[in-house]
Amino acid sequence: MDENLLATAATNGVVVTWNLGKPSRNKQDQLFTEHKRTVNKVCFHPTEVYMLLSGSQDGYMKCFDLRKKDSVSTFSGQSESVRDVQFSIRDYFTFAATFENGNVQLWDIRRPDRYERMFTAHNGPVFCCDWHPEDRGWLATGGRDKMVKVWDMNTTRAKEIYCVQTIASVARVKWRPECKHHIATCSMMVDHNIYVWDVRRPFIPSAMFEEHKDVTTGIVWRHLHDPYFLLSGSKDSTLYQHIFKDASQPIDRANPEGLCYSLYGDLAFAAKESLISSDSNRKPYIGDRRHPIFFKRKLDPTEQFEYISSSSALSVFETDVESGSMDWFVHTAKQYALAGRPLAELCDHNAKVAKGLDRNQVAQTWTMLRIIYSSLGTVSSTNLNHSMGKGSTTLPLMNSFNLKDIPSGLGSESRLDRSKGESRTENILMDSSSTLINNEDNEETEGSDVPADYLLGDVEADEDDLYMMDHENPHAEEQEYSLPQEAFPLRHEIVDNPSALDHLQDKADSPHVSGNEAETVSLTPVESFSLISISHSLYENRLPSDFFNPIVRDTLLFYAEQGDVQTAVSVLIVLGDRIRKEIDEQTQEHWYTSYIDLLQRFQLWNISNEVIKLSTCRAINCLNQASTTLHINCSNCKRPMSNRGWICDRCRQCASMCAVCHHVVKGLFVWCQGCSHGGHLQHIMKWLETSSHCPAGCGHLCEYT
């Protein structure tokens, strides 16, 4: 190969070759402009120095001879964008191409009209591929599904022989020279490190390089026969040469013990055999099953990651069938209503579902949420003002109670006697329909429309304004309680009690008090006490729902800590913006992902998708908004359809024709499993309402179920 020859590609589709051996300042050699879109990869033939291959977003691959000014061959994948192309090291005429739709194609450069083989390698775009330098039939691929797969191409059909799960989309893969099972990878985003994997141990990397501070864009081994030096470039504007002996080994920091719960509550625990055998006092548990497995001991760097096995044991603790049953979870998920109804109906329905599954605490929670957040018209609330009249929302209009006239035994209230420190009972008649004292002068106040500021002024119902009279202890120190006239205007003449205290009477002589303010109402604690009534509520008849938000938040945190993310997420969805701001976004996302994972474990796919759609968390809403691509084959010749229309390029027939209207079905397609004819869903349904025979005329008796 010519070490002075370079090839580059640009986003405008231009492929440029550079000759560093030119004596002039301009090193550009050739320029090719045949691609119409971004060129993702250029690759030289391993043995032919003048043969260059390119793959572009336009779906075409072109082979250039650098001795000519145009391409010598054009290969149409008849598929999505080409992501990578790679010549086989061992096979002169073969190259592999990977595509946006997850397919991999093998081509012979002598036959540009059709690929030799095609198979689906990944769920999503395949970003890279690399042929094994020693084994002719091994092809490694990496994709957006975070997997690296090794395929055996020597068989009739491509066979997956190894699979490595990574933590991010795989951008580049490169086999390590002279190490058959080692492969280097780097990520397209999130993870900036370079990993070297042993495909026989896919769960932890054998080596790791951590020098880059941004996304690694390319990796290559320095020489075809040098396994110790790796070159890498990154978006952090650095080019590193890594020495393999300086690589960190994640196995040194790995935990050799494992713990995992199964879907139905079984607990599996794996540990070293030596660790378990050293515990001589360990007693066998009920449901404890032992299985021999293998873990690897800490590796010496000089051993080049050779396999040395050490015995380990796996214990499985099985739970009782009844106690481990998760039927309640499945039934709850299927029966819960999360949207489409008023809040009160949703809460009532979900409370009924929880009650039917004997989950009384959850049912009570839904009932309380209905009371807290529903409107007045949907919930019968308790009068918070203690109204005595039926249907009334105002205080009863009573001026005074004569404690001597109150019959005993009609009502009781236990309170604490602060002077004696003992509990006692006082009887008070609470009946708004009864007249306790005949006060004709006050009749004009009852039911009147006097403005509230005339009755109360600016005084609110504070605790300091309420006076409790002691009528059971007449021998206690006598004290007169007075009500300033400026707060409660008098409606009739009240005679001062002769037993008033002097220090209260002296208050009228104070120079800081006006004459009107000095006039007071004096009441004897033994005789009676006054209640000044108003014509409107002191309080709103309901507390605002925001008042209870901290309590609801703590309730959801309680359920989540107990492991019941189903209740936490369901309440989040039903309440929506009423409670969403009370819980931080990260906590919500954790609850949603946990619940969605449980739903998918139980294969409740529709409910999982509904939760994603109704989610109030932005990160969760994006889970089902990824682009979905559907690739179809021609129903006549079985050839993959191109993205340029609904007519097959080969047989010139329209794909997916409706048997009723004879137009292409571009949406939902329904077909008969007996004769394979079909069409638009509405057309087929309407046809089968009047006829049981296939609309295509094949004579088959079709049935829509």
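Cβ coordinates come from backbone N, Cα and C, glycine included.
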Swiss-Prot Zn(2+) 4 site partner of CYS694, CYS698, selected from HIS677, HIS680, HIS683: HIS677
Stated Swiss-Prot location of zinc finger, expressed as one of 35-57, 104-126, 265-287, 633-655: 633-655
Cβ packing number for CYS694 (Zn(2+) 4 binding site), 10 Å threshold: 21
Cβ-centroid neighbours of Zn(2+) 3 site CYS672, CYS675, HIS700, CYS702, 8 Å, sequence order: GLN673, GLY674, SER676, HIS677, CYS694, ALA696, CYS698, LEU701
Residue counts (helix, strand, coil, in that order) that DSSP gives for the repeat 'WD 3' (77-117): 0 helix, 19 strand, 22 coil
Residue distribution over DSSP helix, strand and coil in the repeat 'WD 1' (1-28): 0 helix, 11 strand, 17 coil
Cβ-Cβ neighbours of CYS702 (Zn(2+) 3 binding site) (radius 10 Å): 22
Euclidean distance between Cα atoms of CYS658 (Zn(2+) 2 binding site) and CYS672 (Zn(2+) 3 binding site), Å: 12
Cβ-centroid neighbours of Zn(2+) 2 site CYS658, CYS661, HIS680, HIS683, 8 Å, sequence order: ALA659, VAL660, HIS662, HIS663, VAL665, GLY679, GLN682, ILE684
